[in-house]
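Colleague: Take this structure, written in structure tokens, and hold onto it; I'll ask about it next.
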Amino acid sequence: MEDDDGQDYVDKSRVLNVRPLRCLAPIFPSTPSFPSFPHPQASSPFMCPPPAGHFPPGFASFYPFSGYLDSHNMQTPMPFGFNGSIPAVPINSFRSGANGDAGSSGRSSRNPGPSQYEEEEGYSDWVHVNDGEDSSKAATKKKRIPKRARARSGQDINVASSDVDVDAMVDKIVESFNLMDFDTFKRADGDKDSVGYIRMIYDLLRRKLSQIEDSKESTPGVTRRPDLRAGTILMNKGIRTNVKKRIGVVPGVEVGDIFFFRMEMCLVGLHAPIMAGIDYMGLKVSQDEEPVAVSIVSSGGYEDNSEDADVLVYSGQGGNINNKGMEITDQKLERGNLALEKSLHRGNEVRVIRGVKDIANPTGKIYVYDGLYKIQESWVDKGKSGCNVFKYKLVRLSGQPEAYTVWKSVQQWKDGSTARVGVISHDLTSGAESIPVSLVNDVDDEKWPSNFTYYPGLKYSKPVNSNESSTGCGCHGGCLAGNSSCPCIQRNGGNLPYTTNGVLVSQKPLIHECGSSCICPPNCKNRVCQSGLKIRLEVFKTKDKGWGLRSWDPIRSGAFICEYGGEVTDITSAEELRCVNDDDYIFYATRTNQSGQGFLNASNETLKIPFPLIINAKHAGNVARFMNHSCSPNVFWQPVLRENSKECDLHIVFYAYRHIPPMTELTYSYGIVPPDRADQRRKKCLCGSAKCLGYFY
């Protein structure tokens, strides 16, 4: 596939007016050196080039048809940043219900209907709208319109029509990532850094949009999709990587990586379609071209057999389904099915992404990149409805890191079908936490952290007076995002710091949570870090860094992990411990320049610590004391002040810096000491990161 990498990128979000397809103006001939744009006053005769065919001489392709042509015909040069993976909307989605039930619309078994797509993404993507006829009529005409189409047409009051300047917000986020080195080559072929940047930008933008949407009144029958909105914005601006479709490994994407939204996979080039389960491309064979599969998504919503961690029996696409999800026609050997069949004979590698249920979101999915497979055989089987369904057996290539196998193992530990090897204690906390924390050592004979008592929170030996007088909120039912009169929301800059599902939107100098002076209930959306652990953690013995901490559960970027528990001490006591080299479990909130922390902070503001908090967790503390240092951390800390009119109730809270797969060690940067304390001893760093500095304080 050829990419027009030499041309200057054009920000399509500023050029194109996003409107429904029926409003598109004709495309008229242009000069060879300039692209075609609609021109109502032009005198040239109207021609309508078919989206699936070639453009006549004198006509240039335009988005979205350019991406479509490039990915199917492999001849039309593609505008930079697009490769046929646009968030397409099935034409049959717009069919009126008056013409028959949705089941006869011809949706394929891999192009899910309402209930299936809701299960895929954790959102309901379909709503009913009135066509303008009298609503009193029994036969009111309704349309099933995907949210993507409504967002583009402006029918839905979204961020674009609000007071928020989304373009300015996006530019600010991109600027904070300092992407000056993110050149054309990294867009075409990424690496670990570029993939990480794209995913962080996407997730930060998605959370910002969620925060804006949460502050609006909900509209009955309308489900907001900030995940699709954020992805569309970034794609239109060319903020993506690995735009060229390819067989095999995707640069920068590692086996075991997890994704909470299919749009994430699209932006980094892992799997282009945001709905279809089969992604394929064309390859030249002599004078002809044939499709080959490059990736598949098995999300558990179809007749796939995924019980074996290394073998997947995958069902094809194309059979029409009714509104009950039952196939009513036989599948055909075309499109994705044909691509899988060709890949069987060619023997090319196929990327497999497995979808698993998100335990934190009953309707959501988490997508696990399980590595490269090869198709071993295919056959036609009878589906549950009696129709013919294509089946493909894929076998995982050996020598790859474990991914889906880890998920299977954790599930077996949880349900008790398999015992966890090396368990010393099933609950290190002795019931102090609502969720048990396992203690595991399969490395040596050490049985317990020495001289340690578990304590879940902070112990203040004496109260710390607050320098500011404040009043708690009076939100009886809990703080609401759109309540501008709530004093707690006002202290956070006018917005709740968390999304509806409790994910931190972005790092702030200081987060103000509700506290003892507030009358809101314990489940208030502004009390996220006050109800203890929410994920299943494990303290384990590492090979060379002592004890460490990891999670049995996947952790979403921005999710609360734990706070730093222990005894609040003063600088004099901390200095005495440092002088005798006994400060391994001392946390200094005054340390700065946390590695990677700015990526969640679009404003790059420095942390605001009300007083120099120092915590000693040597003899009494919680799981946070076991987190090791890394020069490339996946966790960051944030000061959180709980509302208390009598004293300063400051806490140090840890959040996920990025999506963290199960059984991945949790690490954070121990920070840099102030220049006047540079005489402090350094320790050799064993984090193993490619960006390791070789030492930490």
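Any Cβ shown, glycine's included, is placed from N, Cα and C.
Copying in the features that TrEMBL gives for the protein in this structure:
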| type | residues | note |
| --- | --- | --- |
| COMPBIAS | 104-115 | compositional bias 'Low complexity' |
| COMPBIAS | 139-151 | compositional bias 'Basic residues' |
| DOMAIN | 248-396 | domain 'YDG' |
| DOMAIN | 471-532 | domain 'Pre-SET' |
| DOMAIN | 535-671 | domain 'SET' |
| DOMAIN | 681-697 | domain 'Post-SET' |
| REGION | 93-155 | region 'Disordered' |
Colleague: Sort out the residues at least 6 away from either end of the domain 'Post-SET' (681-697), same chain, that have Cβ-Cβ distances under 8 Å to it, and list them.
Modeller: 192, 544-545, 581, 591, 595, 628-632, 667, 669-673
Colleague: Would you mind giving the whole-number mean pLDDT across the domain 'Pre-SET' (471-532)?
Modeller: 92
Colleague: Of the residues in the domain 'Post-SET' (681-697), how many are helix, strand and coil by DSSP?
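Modeller: Looking at the domain 'Post-SET' (681-697) with DSSP, the answer is 0 helix, 4 strand, 13 coil.
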Colleague: With DSSP as the yardstick, break the domain 'YDG' (248-396) down into helix, strand and coil residue counts.
Modeller: 18 helix, 70 strand, 61 coil
Colleague: Helix, strand, coil residue numbers for the domain 'SET' (535-671) per DSSP?
Modeller: 17 helix, 50 strand, 70 coil
